[in-house]
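A short worksheet on the structure shown next.
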């Protein structure tokens with residue numbers, strides 16, 4: 001503990017790291033003293049002692065800035081007192097001692113340690129590194145258009161919860177998607193199926209040749225499909241011209257799905273027109289198999305629902321984060337299929353009633369056995385084959401069970417991130433007695449917003465920051481007047 005001389009020294013002069021002016025006659029002696037000067041930090045009764053130069057490595061933090069830490073100084077005990085979590089401070093002090101390495105103690109929960117990082121003002125960079133070390137996926141920031149009108153249109157179509165009209169557009173979009181999927185399914189019913197697939201066939205009636213054609217343009221299913229495509233095309237074009245980056249627009253998988261959803265209609269329309277012209281000349285323009293494959297692509301419209309469903313978004317994020325585990329699962333299954341299909345083939349080779357004519361023919365049996373489906377269309381009949389089948393089923397259960405916990409853990413992370421963000425959006429969390437600096441407030445006003453939750457918080461500031469009184473500090477999916485980017489993370493407002 002450092003003892004300062006002078007009985008009538010004020011509080012600032014008695015604080016560690018704040019010597020009274022003129023107390024050191026020579027600058028060299030002052031530097032040597034400050035280099036070795038120690039400071040005592042009391043964390044809820046547990047005292048820590050370190051050198052001032054250790055804290056001075058990070059002057060923008062609470063402990064590294066003499067002015068910021070002064071309000072916690074106790075002149076009677078000549079120490080700084082913080083009524084904070086004691087186990088967490090071991091890691092906080094190590095952050096200063098190691099030059100920026102942050103490690104969470106195993107007995108401290110994630111949320112509590114995050115609060116300590118915010119309280120000691122270690123900075124956004126330290127928080128991001130901590131989240132990455134803990135396995136959190138780095139949040140993606142999306143820029144917004146610079147023009148106000150373009151920005152409003154983009155928010156209207158991209159963020160359904162940003163306003164009432166945006167919700168209406170989202171509801172209309174979901175209804176159109178559902179109608180399109182229902183039409184896709186209903187048109188295959190035999191009682192509703194048209195004979196348009198047989199366009200161009202020739203029927204002989206009373207020794208006369210008649211070319212039978214069906215007009216697709218009068219088909220009710222085609223009319224409803226056309227209305228759906230008009231909406232999909234309008235939505236896609238508006239979002240394309242309103243997006244802040246045309247390159248990023250085409251890189252987005254959801255926009256690619258939107259394009260794929262409307263392409264089959266225009267291809268089908270072109271082929272139908274070509275076939276009608278071909279029928280007039282007595283020839284068929286397009287193969288029915290090609291048309292059926294093109295129509296099959298329409299089923300991908302169901303993925304458009306993921307734009308409006310948090311559950312599907314969570315599932316997609318889980319699969320994306322679990323690609324390594326899924327790759328290992330497929331690799332293990334591949335090895336098992338090769339191994340057990342070969343084993344069962346040679347085990348059943350001498351059996352006349354064997355269902356396995358070759359090793360590739362046994363691939364199907366190995367897959368359904370390892371996945372414990374067991375259709376029963378192929379099965380071993382010898383003792384050796386049954387032993388191989390038993391081992392195949394056991395190996396399949398173990399292989400599938402290995403990566404499942406990691407995938408479930410990823411799902412829980414994304415699910416709780418969504419639900420916790422909804423809870424945080426209902427509260428204004430105060431984690432520090434310090435008001436934000438001008439630079440922090442201006443940085444926040446440039447703002448990052450969450451993609452899922454919206455909340456508008458209006459804080460009445462005191463007279464010292466009256467120029468911020470009229471500012472609306474928004475977190476969640478709300479925007480400010482000078483907002484330039486969108487952050488998909490969940491935010492807490494610290495005042």
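Backbone N, Cα and C atoms are what each Cβ position is placed from, and that goes for glycine too.
The topological domain 'Cytoplasmic' annotation in Swiss-Prot covers 1-164, 243-253, 309-323, 416-495, and the record cites similarity to another entry as its basis. The region 'Disordered' feature in Swiss-Prot is assigned to 1-30. Feature annotation from Swiss-Prot assigns transmembrane segment to 165-186, 221-242, 254-274, 288-308, 324-345, 387-415; the stated evidence is similarity to another entry. Residues annotated as topological domain 'Extracellular' in Swiss-Prot: 187-220, 275-287, 346-359, 380-386. Taken from Swiss-Prot, the feature N-linked glycosylation site applies to 207. For 243, the entry in Swiss-Prot reads S-palmitoyl cysteine. Annotation source Swiss-Prot lists motif 'Selectivity filter' at 372-377.
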Secondary structure tally of the topological domain 'Extracellular' (346-359) (DSSP, helix then strand then coil): 3 helix, 0 strand, 11 coil
The transmembrane segment (165-186) and the transmembrane segment (387-415) contact flag, 3+ Cβ pairs under 8 angstroms: no
Long-range Cβ neighbours of the topological domain 'Extracellular' (380-386) (under 8 Å; 6 or more residues past either end): 344, 347-348, 350-351, 353-356
Among the ranges 254-274, 288-308, 387-415, the one whose Cβ pairs under 8 Å to the transmembrane segment (221-242) are most numerous: 254-274
Counts by DSSP class (helix H/G/I, strand E/B, coil) across the topological domain 'Cytoplasmic' (243-253): 7 helix, 0 strand, 4 coil
Reported mean pLDDT - the topological domain 'Cytoplasmic' (416-495): 43
Within the motif 'Selectivity filter' (372-377), residues counted as helix, strand or coil by DSSP: 0 helix, 0 strand, 6 coil
Distal contacts, the topological domain 'Extracellular' (346-359) - CB-CB under 8 A, six or more residues away: 365, 377-382, 384-385, 387-388
Non-local residues, at least 6 beyond the ends, that sit with Cβ under 8 Å of the topological domain 'Cytoplasmic' (309-323): 137, 303, 403, 406-407, 410-411, 414-415, 418, 452
Folded-back contacts onto the topological domain 'Cytoplasmic' (243-253), same chain, C-beta under 8 angstroms, at least six residues removed: 142-146, 150, 154
